[in-house]
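Sequence annotations record features per position, and here Swiss-Prot assigns signal peptide to 1-26. The domain 'Peptidase S1' annotation in Swiss-Prot covers 29-247, and the record cites sequence analysis as its basis. Among the features that Swiss-Prot reports, disulfide bond is placed at Cys54-Cys70, Cys150-Cys208, Cys180-Cys187, Cys198-Cys223, with the record citing sequence analysis. The active site, charge relay system annotation in Swiss-Prot covers His69, Asp116, Ser202. Here Swiss-Prot flags Asn123, Asn172 as N-linked glycosylation site.
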Amino acid sequence: MALGRLSSRTLAAMLLALFLGGPALASEIVGGRPARPHAWPFMASLQRRGGHFCGATLIARNFVMSAAHCVNGLNFRSVQVVLGAHDLRRQERTRQTFSVQRIFENGFDPSQLLNDIVIIQLNGSATINANVQVAQLPAQGQGVGDRTPCLAMGWGRLGTNRPSPSVLQELNVTVVTNMCRRRVNVCTLVPRRQAGICFGDSGGPLVCNNLVQGIDSFIRGGCGSGLYPDAFAPVAEFADWINSIIRSHNDHLLTHPKDREGRTN
């Protein structure tokens, strides 16, 4: 997320974190690879004035999920949600673009980057097809275990001083539960490599066993340092709240949460 798009309170927290070596907002992909076009049809781009600034995940036909710090302090009427994108520098016929009707948050604390999740209601309903689909979410409390292989993704920069790619990037990561507060964040590392998420467009999904288990939130110690884990908001801790928002606003999940054994609730 560009500094000019942050609220003064969030910006102050980020600068202090950088100075002290603490958490800083994420997340660009460092050390990843280009994703196959539309391999992740639930991936969304949050944009202002035609420019991408954060990722998001389609969780119902008229709702996306993202990081709270992405929209903290923003006039939501300036935000557009783009579905079905792959190459942001091309005019793609696969895209569906929506304005924001309403934003729901759940006690976001910008100073500690806690509860870094928002649900964004679109001004219309997405057309579900091969390029635009609803993500699978975990059931409440059914988080991801230690050493689970996952996939992070985003359109952010390839490094702190490198430009952003035009096409969606993906990165294999591994969950490390002993390096963060389990019910507060999902943390990941890339074993034996300097790779990970970085400053820029947060809000993108962490996919583990075909479920979106995390929302890109913050980093410590620099981009892809290999020393500190990257942190994601834990979707499983908010699953009941997410479902209540969707159900109370006259839409429904197209695919229902599943438990660890794959059973539909």
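Residue numbering: from 1, along the chain as shown.
Any Cβ shown, glycine's included, is placed from N, Cα and C.
Within the model, the domain 'Peptidase S1' (29-247) carries an average pLDDT of 88. For Ser202 (active site, charge relay system), the recorded positions whose C-alpha atoms fall inside a 10 Å radius of its own C-alpha are His69, Cys70, out of His69, Cys70, Cys187. The disulfide-bonded residues in question are Cys70, Cys150, Cys187, and the one with the fewest Cβ neighbours inside 10 Å is Cys150. Comparing C-alpha positions, Cys208 (disulfide bond) sits nearest to Asn172 among the recorded positions His69, Asn172, Cys187. Put plainly, the recorded positions Asn123, Asn172, Ser202 were compared by Cβ crowding within 10 Å, and the winner is Ser202. Using His69 (active site, charge relay system) as the reference Cα, a 10 A cut-off selects Asp116 from the recorded positions Asp116, Cys150, Asn172, Cys187. The most densely surrounded of the disulfide-bonded residues Cys54, Cys180, Cys208, judged by C-beta neighbours within 10 angstroms, is Cys54. DSSP assigns Asn172 (N-linked glycosylation site) to a strand in the three-state reduction. Between the CA atoms of Cys180 (disulfide bond) and Asp116 (active site, charge relay system) there is a gap of 15 Å. A separation of roughly 13 Å, to the nearest angstrom, links the Cα atoms of Cys54 (disulfide bond) and Asp116 (active site, charge relay system). When the recorded positions Cys70, Asp116, Cys150, Asn172, Cys187 are compared by Cα distance to Asn123 (N-linked glycosylation site), the shortest distance belongs to Cys70.
Around the Cβ of His69 (active site, charge relay system), a 10 Å sphere holds 27 further Cβ atoms from the protein chains shown. Recorded residues Cys70 (disulfide bond) and Asp116 (active site, charge relay system) have their alpha carbons 9 Å apart, per Cα-Cα distance.
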